[in-house]
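Asks: Sharing the record's features from TrEMBL:
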TRANSMEM  20-47  transmembrane segment
TRANSMEM  53-74  transmembrane segment
TRANSMEM  161-183  transmembrane segment
TRANSMEM  189-209  transmembrane segment
TRANSMEM  255-277  transmembrane segment
TRANSMEM  289-310  transmembrane segment
TRANSMEM  322-344  transmembrane segment
TRANSMEM  356-376  transmembrane segment
TRANSMEM  396-415  transmembrane segment
TRANSMEM  427-445  transmembrane segment
Amino acid sequence: MAIAQPKTGFLTLLKKRDFLRLWLAQLISMTSLNATNYALLILIHNITNSTTLVGLAIICFSIPAVLFGAPAGVFVDRMDKRRVMWGSNCLRAIATILFALILLGNRGSVLFFIYLLTFVISSIGQFFTPAEGSAIPMLVGDNEMLPALSLFNITFMLSQALGYVILAPIALSLLPTFTLFHITFDPIVQLYAACGILYLLCAGLVLLIPPASFAQRHQASSVLTPDLATQTMGIMHNIQGEMKEGWNFIRTRKALLLAVVQLSFAGILILVIGQIATPIVTDLLGVSANLMAVIFAPAGVGLVLGSIIMPGVSMRIGKLRTIFIGILGLTMATLFLPLVTILARWLQPHGWNGNPLLFLAMGFLMFIAGMALVCINIPSQTAMQELTPDWIKGRVLALQIVLYNTCSIPIILFIGALSDILHIDRVLYIMSISILAFGIWSVYYERKNPAPVKAELVEEKVTQG
């Protein structure tokens, strides 16, 4: 069945004031989050000089998604999206500023509170993410969904670059340490305080969006939103049933389940690639870890460029083909990374890792890997949005985050142990086989359980309404 090509571009979307405000809130809040995450790792390392305790900080940030992701989705589905977003940003602002204040004391004695506030800030963020995802379809039309999701995907990756590569490193390098009223304010304290203020700015941007813009399309206008206390008590009473309903909704809709699994798979791959980035540079290529940014920069270019062109590609060839092409591309990239080094050693036994052609080949493979990840990420994310009605979207998005984080922990532990036992080239070979196997399974599963046509989705929404 032919699909009409939308004439919507990013500039057209950003001309919508409400969408622009939501997008800016995402960009600023995600950049602030990534900047403080970078500062947190530096802070823990400076205090303890322990890699294990740095890892504990990462766990404190990851566990809330497993514990609170699904309940947060229940809250989001039953509460006003606008209220959840501005409220969560205000709470993150308070927690981040409090974080800056406790750093003014003896940092060795407040290590527990540093971990605790990291956990709290991440827990609050579990409410903002599904609320934001649920709000996108309310602010754009059906034909604008794919470019809107693509823009938010680009922004997610852009915020990582802005936070980790630009804002935090520059701030920690250039901000001066000064003393005021016998209190020392170093760059880490100043960065946390600034990010707390930026969270307040995000809350203001959300408040500028009229409440009427967040009305669900298939919800009767006569239904009034209960007050906050009534909503919260009702949700707490029914939360287990609501979570079970969300999971049953995903489980009984095979096409939606596949999209959730594929999106989680793409996210886990990004974590794994980040985990083995250092061994790839130091062990596989035998060069300094300082070159990591140069070697992996083409992957970032591929991610951003792929996000820009992916809406058109996905509409022309279909989501399933796009995802499978991405899986094939990622399989080839992970397979050829070690093979290229073998070829370089054979051609130039002495000084092989200084050959410019080797770095050119590695850059090309990294670029392909970045493009391939987007080929999996955006179509699966779009399918998940399209197959989920507004009334349960928050729970579905939250459960996807829970699945992603729950599965990522054992996989990362396994990959870490495997990397210690085997050389990184063997790990990459195992990864390429696993990625290809997942792609073959995805094709088989999709053909066995095809996605419903749009008419069936509309009929289901009317029935639910």
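For all residues, glycine too, the Cβ spot is worked out from N, Cα and C.
Just so you know, TrEMBL annotations never went through curation; they're auto-generated.
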Asks: In the same chain, which residue numbers or ranges, 6 or more beyond the ends of the transmembrane segment (396-415), come under 8 angstroms Cβ to Cβ?
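Replies: 62-63, 65-66, 69-74, 76, 126, 129-130, 133-134, 243, 246-247, 249-250, 256, 260-261, 263-264, 267-268, 271-272, 275-276, 384, 388, 427.
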Asks: Restricting to the same chain and to residues at least six past its boundaries, which positions have a Cβ under 8 Å from a Cβ of the transmembrane segment (356-376)?
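Replies: Tertiary neighbours of the transmembrane segment (356-376) are 153, 262-263, 265-266, 269-270, 273, 285, 294-307, 310, 313, 322-323, 325-330, 332-334, 336-337, 340-341, 344.
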Asks: For the transmembrane segment (322-344), could you work out the same-chain residues 6 or more beyond its ends whose Cβ comes under 8 Å from its Cβ atoms?
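Replies: Contacts of the transmembrane segment (322-344) (Cβ under 8 Å, skipping residues fewer than 6 from its ends): 262, 269, 280, 284-285, 310, 313-314, 352-353, 355, 357-358, 361-362, 365-366, 368-369, 371-376, 379-380, 424-425, 428-429, 431-432, 435-436, 438-439, 442-443.
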Asks: Counting a contact as 3 or more Cβ pairs under 8 Å, with residues at least 6 apart in sequence, do the transmembrane segment (161-183) and the transmembrane segment (20-47) touch?
Replies: yes
Asks: Out of 20-47, 189-209, 255-277, 427-445, what stretch is closest in contact terms to the transmembrane segment (53-74), meaning most Cβ pairs under 8 angstroms?
Replies: 20-47
Asks: Go through the chain and flag residues at least 6 beyond the ends of the transmembrane segment (189-209) whose CB is under 8 A from any CB in it; none is fine as an answer.
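Replies: Cβ under 8 Å, 6 or more out: 18, 21-22, 24-25, 28-29, 31-33, 35-36, 39, 82, 85-87, 89-90, 92-94, 96-97, 99-100, 103-104, 139, 168, 171-172, 175.
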